[in-house]
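Straight from TrEMBL, the features:
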type	residues	note
TRANSMEM	23-46	transmembrane segment
DOMAIN	39-288	domain 'G-protein coupled receptors family 1 profile'
TRANSMEM	58-76	transmembrane segment
TRANSMEM	96-118	transmembrane segment
TRANSMEM	130-152	transmembrane segment
TRANSMEM	195-223	transmembrane segment
TRANSMEM	235-259	transmembrane segment
TRANSMEM	271-290	transmembrane segment
Amino acid sequence: RVNLSTVSEFILVGLSDAPEVRFLLFALFLIIYVATMAGNITILVAMSTDARLHNPMYFFLGNLSLLDILCPTITVPKMLEALLLENKVISFTGCVFQLFFFIDVVGTEIFLLAVMAYDRYVAICHPLQYMNIVSLKLCAHLAIGTWVVGFFNSLLHTSLVFTLFFCDSNEVDQYYCDIPPVLALSCSPTYSRELVTLVIAGVLGSAAFVVTLVSYLYILAAILSMSSSESRHKAFSTCGSHLMVVCLFYGTTICTYVRPSSTYSPNQDRIVSMLYGTLTPLLNPIIYSLRNKEVKCALRRLISQVRTT
């Protein structure tokens, strides 16, 4: 369909509609954003420069860190601009690209978490065959597959949203362009688009969730069968923290996208979107990497090299 929209720009009213706490929010989210960038970039540099970390698990963690850099970068700088300068306007094209890249990154991360759960299942349940099963070729195919599926998933959702007719209100009740608040502005009937969105998100999200859940169930069974209490405690500690991030990310994204727009609640969705859009990228380096002894040793070596240089 040809886009017949009369709306040429959108106004992001998300967090900038509270002037009394504007500068406090700006400082808070700036600190979170800088900490997220610093943590994930440091992890990427350590993994790329240390040969001891050139294995499948850290390859997937590197992809996760890259996604955690991209996710807040797509939304947070515009939010900071709105909070500091009160420039809430985003062009129609800018809104299209922001929604596309955000859905692309979020979708890719959902599939990547499933791949990482499968990787941990093979490592814990079949340790002797791990290097044969999870080969470099398979790692490359799985990583590329997650990015490709995320891209086409986002392309479909973006085209479904922005081929609608926008003719009246242009105030997006969120701090970035997302599917539910943009759909709420359309003058066209949205039922069929919502149905397609729900089905696709439900099928792809459920498939990734089932792979993740089954992998962790097998991991749990393998941990419980370990004879050493120290090994069980170590495995529980690592997998428990991984599972916490998975539950947080899946729970918040499902709450946002797998439901009809009639149940859309702006205030609730702002909080939920902050959890997977800003908080999870900050927590991932801590939970997945900085609690890992090998990564900590690699970081110490990296810091030592920088000091020497």
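For all residues, glycine too, the Cβ spot is worked out from N, Cα and C.
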Taking only the residues in the domain 'G-protein coupled receptors family 1 profile' (39-288), give me the average pLDDT of this model.
84
Segment proximity, the transmembrane segment (58-76) to the transmembrane segment (130-152), 3 or more C-beta pairs under 8 Å:
yes
Folded-back contacts onto the transmembrane segment (58-76), same chain, C-beta under 8 angstroms, at least six residues removed:
29, 32-33, 36-37, 40-41, 43-44, 47-48, 98, 101-102, 105-106, 108-109, 112-113, 115-116, 119, 139, 142-143, 146, 175-176, 277-278, 280-281, 284-285, 288-289, 295
Are there residues at least 6 beyond the ends of the transmembrane segment (23-46) whose Cβ is under 8 Å from a Cβ of it, and what are they?
15, 53, 61-62, 65-66, 68-69, 72-73, 76-77, 79-80, 83-84, 278-279, 281-282, 284-286, 289-290, 295, 298-299, 302
